[in-house]
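Everything below concerns the one structure shown next.
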Amino acid sequence: MRALKQPPGGSGRKGRVRTRDGKAAAVFLAPWLFGLVVITAGPMLMSLYLSFTDYNLLSNANFTGLDNIQHMLNDDRLAKSLTVTLIYVFVSTPIQLAFALGLAVVLDRGLRGLSLYRSIFYLPSLLGSSVAVAVLWKRVFGVDGLVNQFLAVFGIDGPGWISSPSTALSTLILLHVWTFGAPMVIFLAGLRQIPREFYEAASVDGASRWQQFRTITVPMLSPIVFFNLVLGLIGAFQSFTQAFVVSDGRGGPSDSTLFYTLYLYQQGFVNFNMGYASALAWLLLLIIALFTAINFWVSKFWVFYDN
Amino acid sequence: MTTDTSVAPPVAQPPQQPASVHTSRRGVRSRIGSVLRHALLILAAFVMLYPLLWMIASSLRPDNEIFSSYGIFVNTFDTSHYPDGWNALAQPFSGYLLNSAIVVLGAILGNLVSCSMAAYAFARLDFPFKRSAFAVMLLTIMLPVHVVIVPQYILWANLDLINTFVPLILPKWLATDAFFIFLMVQFIRGIPRELDEAARIDGAGHARIFLRIILPLMVPALATTTIFTFIWTWNDFFTQLIFLTDPNLYTVPVALRSFIDAQENSSYGSLFAMSVVSLIPIFLAFLLGQRYLIQGIATTGGK
């Protein structure tokens, strides 16, 4: 019936549909748009502003120009937390991905019980970020914890892994590696997309398993390796819970587990230096953006897209 | 006809050669290889699960044995850690479980409603600045929460909503977990457009198409969202630590953390017992939702 009222000509109908869509879109997107403005974009702008102030929640914010940046340059704990975080990110992520890829390749070879293995390896990824597992880790690597009880069987007197500055960070790296299941599942999905014919052709040509892995699996999987690498780095930079629980919120011993986010939390929500914490947050964003950009640039040289 | 190669599934795969075709020597070799591989995988799985099994065992041991047992078999069962831990803090542990349940339920409902609405708009509607809006939405997935947490805290403090569950639940109703919008957009794109077009010819508006056609068909994506929201919110520590300082409102992770402060070294048994309790819901969600979890993780890596 409505069609009768339409003006003649093709464009009228299309235009009408468009405006109707526009109104509907406004309704469907309303919650998201409101959230974008009030919960995300607004606070981003505000934290950018606060990073040039001395806001401390109690008194009004004073614009202090580049004072916070000046302070950052002379802040030894910031330097320490950056070092700790960079070591954590750039050691644990590649090891984690290596485990994920290795086990995905083993599991992909038409193995019986695949889904059971996959579930077992995936489970720690779900639990790894919980306070409960961080508590467990603290205990496992304590002076008289599980690891040292085990070492004692062989007559080895293990150190207090968590309480010694030289080993505390390694235990957290190990915890992160333990959660390799999530990238492993992504690798498994990617492996399934590689046509089997490639392997058949290669083995007809007499290529060994290792050669097949290097010349077929790695290039075909490189976009997914890249994807896991980008997401893994971004995620690792934001780790918080494990370091917080293991060090009772202090980042000790001797700041050896002072993750960047933990330092930011201390500045913002323990000392209420909210201006400085905002500056730290923006530096974190810039660092993550920088490494992501480098990642994308480098990917041109090793990521292989078949289309 | 160039499209054929990209769209069509691999044509005429040669029938899989049955294993018996192999010469017997290769057969034996591959069987040994497979046994070795299983042995290795079982060992790896065991090592992975060992700390968790040890924690469960330790929660059932007398305290003095926790410090001397590395095994996962319990000689003397001591279940007293569970009631002890349950009542060790300002309120029974059930209170913290309830707080977490409220936050998790609110977050799940919020994500389901708001993200599915936004996803429908991005996947099916035509509107100005759609591409830019979509790009902005994708960028917010990457945004560290730390960049917005200070102003958010100030916002909620000014609204006098610190120490309520509002800062933890309301953002989910505003689709701030953009990851799920993306997941749902990808899913809706897989639903044939003919279905909504047929409904539109029958006179249905977008509300009706969304509610009657798209939503029922995207149940798998909604299930994935539900389970991930459940696990992430249950595990979330950072925002709950910041927004909840009243012990009566503590959620499970924050309560566990204050447990450490209160109990330091006095009873690791009860700490482990409550840790086990806190992990049970995640474990159940994992068992029930495995299929959706795996799918959800796998599709994020897909193209």
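Note: Cβ is positioned from N, Cα and C throughout, glycine not excepted.
Just so you know, TrEMBL annotations are computer predictions that nobody has curated.
For reference, TrEMBL has these:
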COMPBIAS  B:1-10  compositional bias 'Low complexity'
REGION    B:1-25  region 'Disordered'
TRANSMEM  B:35-57  transmembrane segment
TRANSMEM  B:96-122  transmembrane segment
DOMAIN    B:97-289  domain 'ABC transmembrane type-1'
TRANSMEM  B:134-156  transmembrane segment
TRANSMEM  B:168-188  transmembrane segment
TRANSMEM  B:209-234  transmembrane segment
TRANSMEM  B:268-288  transmembrane segment
Exercise for review: Using a Cβ cut-off of under 8 Å, list the residues of the same chain at least 6 residues beyond the transmembrane segment (B:35-57) that approach it.
Suggested key: 69-74, 272, 275-276
Check your understanding: With the transmembrane segment (B:168-188) as the reference, which stretch in B:96-122, B:209-234, B:268-288 has the largest tally of C-beta pairs below 8 Å?
Key -> B:96-122
Review point. Against which stretches of its own chain does the transmembrane segment (B:209-234) lie, if we need a Cβ under 8 Å and a gap of at least six residues from its ends?
Key: 100, 103-104, 107-108, 111-112, 115-117, 120, 124, 168, 172, 177, 180, 183-184, 187-188, 191, 195-196, 199-200, 252-253, 281-282, 285-286, 288-289, 292-293, 295-296
Check your understanding: Taking a Cβ cut-off under 8 Å, which residues six or more beyond the ends of the transmembrane segment (B:96-122) line up next to it in the same chain?
Key -> 89, 130, 133-134, 137, 165, 168-175, 177-178, 180-181, 183-185, 187-188, 206, 210, 214-215, 218, 222, 225-226, 229-230, 233-234, 240, 249-255, 277
Check your understanding: In terms of Cβ proximity under 8 Å, which residues at least six beyond the ends of the transmembrane segment (B:268-288) contact it?
Key -> 55-56, 58-59, 61-63, 66, 78, 80-82, 84-86, 88, 93, 97, 227, 230-231, 234-235, 252-253, 255-256, 259-260
